[in-house]
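J.: This is the structure I have questions about; it appears just below.
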Amino acid sequence: MLFGTTNYVNDHLTIGGVPVPYLAEKYGTPLFIYDVALMRQQMRAFKEVFTKRKLAHRVIYASKAFCSTAMYQLLQQEQLGCDVVSGGELYAALAAGMDPAMMEFHGNNKSKAELTAAVTAGIGKIVVDNFHEIELLNQVLAEQQTTQEVLFRIAPGVTAETHDYILTGQQDSKFGFDVASGQAEEALVQLLHSPRIKIQGIHFHIGSQIFAATGYEKALERTFNLLTKWRSKFGFTARIVNIGGGFGVRYTENDNPNTPVQLMTQITDTFVQHVQEQHYPLPEIWIEPGRSIVAEAGTTVYQVGSSKHIPGIRQYISVDGGMGDNIRPALYDATYNFVPVELTNEHNLAPQTIRITGKYCESGDILQKSITLPHLAPGDLIAMQSTGAYGYSMASSYNNNPRPAVVFVEDGQDHLVIRRETYADLTRLNIPLPNETQSQGKVGVTDNVRI
Ligand SMILES: Cc1ncc(COP(=O)(O)O)c(C=O)c1O
Ligand SMILES: N[C@@H](CCCC[NH3+])C(=O)O
């Protein structure tokens, strides 16, 4: 299972035309490597689904999947918008030069300060999530003496097939206005009566890592039924229907989804069908893919360290990263595929069934419960595939392990886009107690800056 530009050249795993052993040597491990051509390909493919059908659309990348200055630059090159879900993401996107008009602000508990920052920045749309937010936003707009375009998020009451923790469109959800109990309609009434709020359309997001179109189709049916009702009841016409993200990707050979683009094509057909059947003025279709743009483009390279054989039980192999750079296996029981970085002679040794664990002080720090791979020895490099989404973005410096570096590769060139955290970075927020003499450098630990 090799994605995009990843392949073996002279027995070395190569991404974007750059040999992975060279990258590991240059930047150290663990290392996130992103195949930029594959990210561009995904971005363009989504847009093409709509341009082929001549549908007004917007592809909005969900920053939470992975964001960095370089990622925001790439979005600008490919003319995508982005969503942000915090003041921090807003800050980072603006600092990287994103056009605020191409941005949306999401979240179930946006603070007044965050809303003020978004409005002041001239953000394109705020996706209003709850009644408290309507109140806060009205206050902010009155203080700023301005108006704001919004979408409002409904919980359509659809349960998609995915992990419970990443379901969002069911009735019992913390996100959005519940349709079934009438909250969505009440929210629309409040928004229509808020003179500074300019309501442009509706939003739903049913969850993440979804392979089947069924959930989206049900949600679209409910949405268009509501929209048609609200059109005759309130004279409200949605100019935009945003169907969120959530399109599933391949983590292992067992995932055999439609490609995100095939899924999108099917959903778009349903969208058009509802518009036609209900004689609804054709709204713009907006989508918010995160994972499907970056997941398969990302590879994490680790170096193998210790191993432990428990006769009759299992073989453990530990690598130099783990739950700090990828919490998904521990959090969601997510499974991944691993491939060797170098197809050396040892490759021909009998394959081993191993458990791959990280270096964190937790028994649950398991990257892969059981996998059969060519024999691995200390010092070998190993690549974990499809780690581009919710890997680095959910990374922590638990156990004071520095977060890895991130490198973009394309056309034989490598660009460091996030440097490895240093030991000094890890303590830079610490403030000593007053009147204590700081012991400095006693233990003689040097910083780990390599570059
Ligand atoms: C509102 C919203 N939009 C988009 C996304 C992106 O989802 P995904 O990365 O699965 O495409 C999420 C995350 O689930 C989300 O909450
Ligand atoms: N972090 C999740 C997805 C959450 C989506 C955000 N609403 C994952 O790794 O699968």
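The backbone N, Cα and C atoms fix where each Cβ goes, glycine too.
Marked as domain 'Orn/DAP/Arg decarboxylase 2 N-terminal' by TrEMBL: 39-295. What TrEMBL records for K64 is N6-(pyridoxal phosphate)lysine. TrEMBL lists G246, E288, P289, G290, R291, Y390 with the feature pyridoxal 5'-phosphate binding site. Sequence annotations record features per position, and here TrEMBL assigns substrate binding site to R291, R328, Y332, E362, Y390. Summarising the annotation, TrEMBL assigns active site, proton donor to C361.
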J.: At 10 angstroms around each C-beta, which of the recorded positions K64, R291 has the fewest other C-beta atoms nearby?
T.: K64
J.: Listed recorded positions: R328, Y332, C361, E362, Y390. Which have a CB under 6 angstroms from an atom of ligand 1?
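T.: Listed by sequence, the hits amount to none.
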J.: Given the recorded positions K64, R328, Y332, C361, E362, which one's Cα is the least distant from that of R291 (pyridoxal 5'-phosphate binding site)?
T.: K64
J.: Distance between Y390 (pyridoxal 5'-phosphate binding site) and R328 (substrate binding site) at the Cα atoms, whole Å?
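T.: So the alpha carbons of Y390 (pyridoxal 5'-phosphate binding site) and R328 (substrate binding site) sit roughly 8 Å from each other.
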J.: Select one residue from E288, E362: among these binding-site residues, choose the one with the most other Cβ atoms within 10 Å of its Cβ.
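T.: Its Cβ has the most other Cβ atoms within 10 Å: E288.
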J.: How big is the gap, in Å, between the Cα of E288 (pyridoxal 5'-phosphate binding site) and that of K64 (N6-(pyridoxal phosphate)lysine), rounded to a whole number?
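T.: If we compare the Cα positions of E288 (pyridoxal 5'-phosphate binding site) and K64 (N6-(pyridoxal phosphate)lysine), the gap is 11 Å.
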J.: Looking only at C-alpha atoms, tell me how far G246 (pyridoxal 5'-phosphate binding site) is from K64 (N6-(pyridoxal phosphate)lysine), rounded to the nearest Å.
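T.: Computed Cα spacing between G246 (pyridoxal 5'-phosphate binding site) and K64 (N6-(pyridoxal phosphate)lysine) is 12 Å.
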J.: Could you give the maximum C-alpha to C-alpha distance in Å for the residues G246, E288, P289, G290, R291, Y390 that bind pyridoxal 5'-phosphate per the record?
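T.: The pyridoxal 5'-phosphate-binding residues span at most 15 Å between Cα atoms.
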J.: Among G246, R328, Y390, which binding-site residues lie by ligand 2, judged by Cβ under 6 Å to any atom?
T.: R328, Y390
J.: Hey, for the pyridoxal 5'-phosphate site built from G246, E288, P289, G290, R291, Y390, who else sits with CB inside 8 A of the CB center?
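T.: What remains near the Cβ centre is A62, K64, A65, S208, G245, F247, S292, I293, A389.
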J.: Can you tell me how far the Cα of G290 (pyridoxal 5'-phosphate binding site) sits from the Cα of C361 (active site, proton donor), in Å?
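T.: G290 (pyridoxal 5'-phosphate binding site) and C361 (active site, proton donor) have their Cα atoms 30 Å apart.
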J.: Could you list the residues of the same chain, at least six apart in sequence, whose Cβ is under 8 A from the Cβ of R328 (substrate binding site)?
T.: A334, Y390, G391, M394
J.: Looking only at R291, R328, Y332, E362, Y390, the residues listed as binding substrate, what is the longest Cα to Cα distance in Å?
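T.: Roughly 27 Å, rounded to the nearest whole number.
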J.: Cβ-Cβ under 8 Å from the residue listed as 'active site, proton donor', same chain, 6 or more residues apart: which ones?
T.: N399
J.: For a quick check of understanding: among the binding-site residues Y332, Y390, which residue's Cβ has the most other Cβ atoms within 10 Å?
T.: Y390
